[in-house]
Structures are given as structure tokens and as C-alpha cells.
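Everything on this sheet refers to the single structure shown next.
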Amino acid sequence: MSDKVIIFDTTLRDGEQSPGASMTKDEKVRIARQLERLKVDVIEAGFAASSEGDFQAISAVAAAVKDSIVCSLARANDKDITRAADALKAAKAKRIHAFLATSPLHMAVKLRMSPEEVLEQAKRSIRFARNLADDVEFSAEDGYRSEMDFLCRVVEAVIKEGATTINIPDTVGYATPELYGEFIKTLRTRVPNSDKAVWSVHCHNDLGMAVANSLAGVKIGGARQIECTINGLGERAGNTALEEIVMALRTRQDYFDMVCGIDATQIVPASKLVSQITGFVVQPNKAVVGANAFAHTSGIHQDGILKNRDTYEIMRAEDVGWAANKIVLGKLSGRNAFKQRLQELGIAIEAEADLNEAFVRFKTLADQKSEIFDEDIIAIMSDSAAAEEGEFYKFISLSQHSETGERPKSKVTFRVGDKEASSEAEGNGPVDASLNAIEEIVKSGAEQLLYSVNAITSGTQSQGEVTVRLAKGGRIVNGVGTDPDIIAASAKAYLSALNKLHDPSQVKLNAQMTP
Ligand code: KIV
Ligand code: ZN
């Protein structure tokens, strides 16, 4: 029997620490539901003590998720741990994750604590956490740059206090695969009670080796939990990419001899959702989830694939949830066909009113675009979910004029609360003119950090998906809009970001910044 590797997803915590990837409470719940469909074992939903917003988001995820363990990060002190336990109250299965730095540099410079003080605090915090939860993880922050003898003492002591998972992060992405694997192996060999806890790896990607290091931690080191994120989102150069870990374990089962419980067909929908919500576009040549990951353009490759797919394919696109990109519905498709396709795509609609609202969006799109692909349906459903989050500003219509040699003009009509407003402005281009027209009325004064356009499917018939990232008063928000007309998609994205700025309860001040 192959051993099981626990997949611990930290997209909502470490992933959110990517600058600009801050998520609202409702967005975290939407991603958590998708992670549950993906069947991840543990969802780290946030860092409860970092802000009231994150506390609320973790509570909402804990209440929504039924099949995965929900976890909150906490510094190794009573106050943070209590906050984590409170946020997790509604969870069916919960985990408290306490961390404390153990490297000489972090202890001396950041914590200003002696090794003995760190050891005592680690013990105390795990003892305290075990009074509040049975499932307690301890992370030795900057573990890979810690001294082996000291780290062994800390780990042995926290296992004695009841830590059920021991995580050894390569916090700064300094490790190399063999050395990291050997490091974990040495720890497991030298810590006398190492068999009383599950060993976990958590690798950052500063040198592009996070996935390789994590797999070495499992294969060489004997770890049985991998911490990872969708699309490898995370601090700086990111974290270990979940999709690459899962497909490496599956595709090279002959070598790893390990299984995980992930439903791989949910990988691409998860990747698209995270990319859409955070505005972090997936590079086309990204393994597994990049748009070109399964594209064969060279004639020799295409010929080989037609003769036998195994010539150039080690995985199947459909196994990781790539839709065949075929026309699935059109203008004449009815409500039942739409509902059935949603079910086939694994999109659950609870209330009839939500289905009706989504169907209206589908019909509107089908009037503009004759061929509706699975990707379009996923975008419609994302729009519907975003609309549920409350729309103070709502796009109605837009007309614009641009001609070579003239400054483009745009007129945008949109709802402001329960009133209709409309204004005109000029700009450098039609998009700029449209956003200026919106600003004429809203006067948000927000700084634009990002504007990106992405085609949802291939060809010029495709809908454009626009992401706008705005910053104001220390808050950063992402707005997404989709439409076959990219100017309209831009206006929708801008209004969506303004909606988030308008509703302060939705947005955290500096995601994951500890007070
Ligand atoms: O990278 C890291 O060390 C972390 C810990 C807090 C687990 O994210
Ligand atoms: Zn990390």
C-alpha cells in the first residue's frame, strides 16, 4: 500500500501574502469551496490575529467548509492562539498552526530572544494550543537555516507537549532538493519521538526549487504533508505549486510510490478562480495550468499526438480539468441545458433565484456571442458570485468614440446606489476615457496598481477578462469584469474594485500584516 501525502493548502494565507493578492471574506469562501471540491486535506484560511477582517474571513470559511480541516495560523503566544481558536469555532474539523522562528538570525534580530527563551515559548504555546484543539501544528520558521541540535531539541519538546504535525519551512527559499530532503531525514532520525507526529514541508520558490524541495522532503526525508498553494501563489517568488505536486505524485507514482486524495479534475477550475480573484495571471508556459501546458504546435509533435497521444503527452489535459474548449451552449439553449452543464462542471447552485440570475447573464452573453464555451460559463458564474457580494456601483451601458489622431471619448452609465448616473470624459485611450468618466462621478482618488486584459477563450470572439487593482488608504482591492467588449469589461472591473473600496467590511487593511 502506498503512503498517503496530506495536501495542506495555504493559498488563503501564504498565498494572500503576495503583494496585491488580498482577498475579501466572500472571495476566501468561494476559493475555500473550490479547495473542498479539489479535496485538499487542510485549508489554511488565514491568520486570525492579523486583522478583524481576516478573523471574520476564517470564521466564514470554517462555517462553510465541511469536508476539509480548516486551519488558522497564529504566532506562538496565548493571544494569537486564542484568536485562532475563536475564529475556528464553527469548523467541523479544525487545526491551530503556531509558528516561532528557530534560526540564529531570526531569533537574534527579529525576536530578540535567546534560544532557551524560544524553546520555552514554543513549549508553552503548544501546551496552550492543545487545550483548545486536538490538532495542533508547530512550524519552526526559517527552520531550514536553523542549527540541527537546537532544532531537534525544539521539535522533541513540542511533540512532547502534544504537537501533532511538525512543519520545517524553508522560509527564504534557500534549500536545494537533496540537502533539504537529507535535513528532514536527519531530524526525523535524531528526534526520539519523531514517530508521534506527521512531518511537513513548506518551501518557498526564491530559487525556483520549491516543488523539487518539497518532493525531496517527502521522498528522501519521509515527510507526509506538503504545504502548497494554487498556482504557486505566495510571498515573494511564491510557494510550492499544488498542481505541480499533485501531478508529479500521480504521473511518477512509479518513483514516489505515494498517493494523495486530490480530485485532479478540479485543478484547472481552482487555478482559474484563484487567478481571477487575485488578478495574478498564470504564465502560458506554467506546468499543468498554463494555457500552453497541453498545446502542441510543432508539426512533428502534432503528427505524433495524432498517431498516439503518449508520444508527447505524459498527462491528459482532461485529467486536470481542462475543458475541451468546444462549443457547449448557444443562444437557443434552454435553462435545463444550462443547469445540466453547470452540474457537469461541478458548479453547485443552491438557490433557484441564483440559477435564474445566472441564466439571465447567460442569455445576455449568448445574444452578444454565438458560441458559449465552458470558460464563458465559469466566468458568468464568477460574475454572479461577485454580484452577490453587493454592488453599490453597477455597470449599465457605455458608448465610446475613438479615431486615429483624435483623443478618445467615452460616456459611461452606471448605477450609484439606487440612482442612475452618467458621465463623459476623454482619455489616452478608450479604456482610460471610460475609467475617467467613472471617476468624474465617484471621485474615489484611488491609485491604479494594475490593469490587465486576458482572453477567456481563443479567437477574437472571446470575452475579455479585465482585472483592475486599486489602492486607497492602505487598502488594496482587485476588481474583475468580463465582456466580449473589453472596454465594457474594463468599466465593469473598475466598478467592481470601487464596490470593494466602498464596503470597508469586505476588505482588510494590509492582508496578513500583524499588529
Ligand atoms: O514560510 C514560512 O516560514 C511560513 C510559516 C509561517 C509557516 O509561512
Ligand atoms: Zn511561507
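Counting begins at 1 with the first residue displayed.
From the backbone N, Cα and C atoms, a Cβ is placed for every residue, glycine too.
Note: TrEMBL annotation is automatic and uncurated.
Since we're looking at a predicted model, the values are computed, not measured.
The secondary structure of H204 (Mn(2+) binding site), as reduced to three states from DSSP, is extended strand. Per TrEMBL, Mn(2+) binding site is recorded for D14, H202, H204, N239.
According to TrEMBL, the feature domain 'Pyruvate carboxyltransferase' maps to 5-268.
What TrEMBL records for 394-515 is region 'Regulatory domain'.
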>> To see if you understand the setup: which same-chain residues, six or more apart in sequence, place their Cβ under 8 Å from that of H202 (Mn(2+) binding site)?
In response: T10, D14, S139, N167, I168, P169, D170, T171, S214, E227, N239, T240
> Using DSSP, would you call D14 (Mn(2+) binding site) helix, strand or coil?
Replying inline: coil
> Which binding-site residues, if any, among D14, H202, N239 have a Cβ under 6 Å from ligand 1, given in order along the chain?
Replying inline: D14, H202
> Can you list, in sequence order, the residues of the same chain other than D14, H202, H204, N239 whose CB lies within 8 Å of the CB centroid of the Mn(2+) site?
Replying inline: T10, P169, T171, C203, N205, A210, E227, C228, T229, G234, E235, G238, T240
> Which residues of the same chain, at least 6 positions away in sequence, have a Cβ lying under 8 Å from the Cβ of H204 (Mn(2+) binding site)?
Replying inline: P169, D170, T171, V172, G173, A210, G234, E235, R236, A237, G238, N239
> With DSSP helix as H/G/I and strand as E/B, how many residues of the region 'Regulatory domain' (394-515) fall in helix, strand and coil?
Replying inline: 33 helix, 52 strand, 37 coil
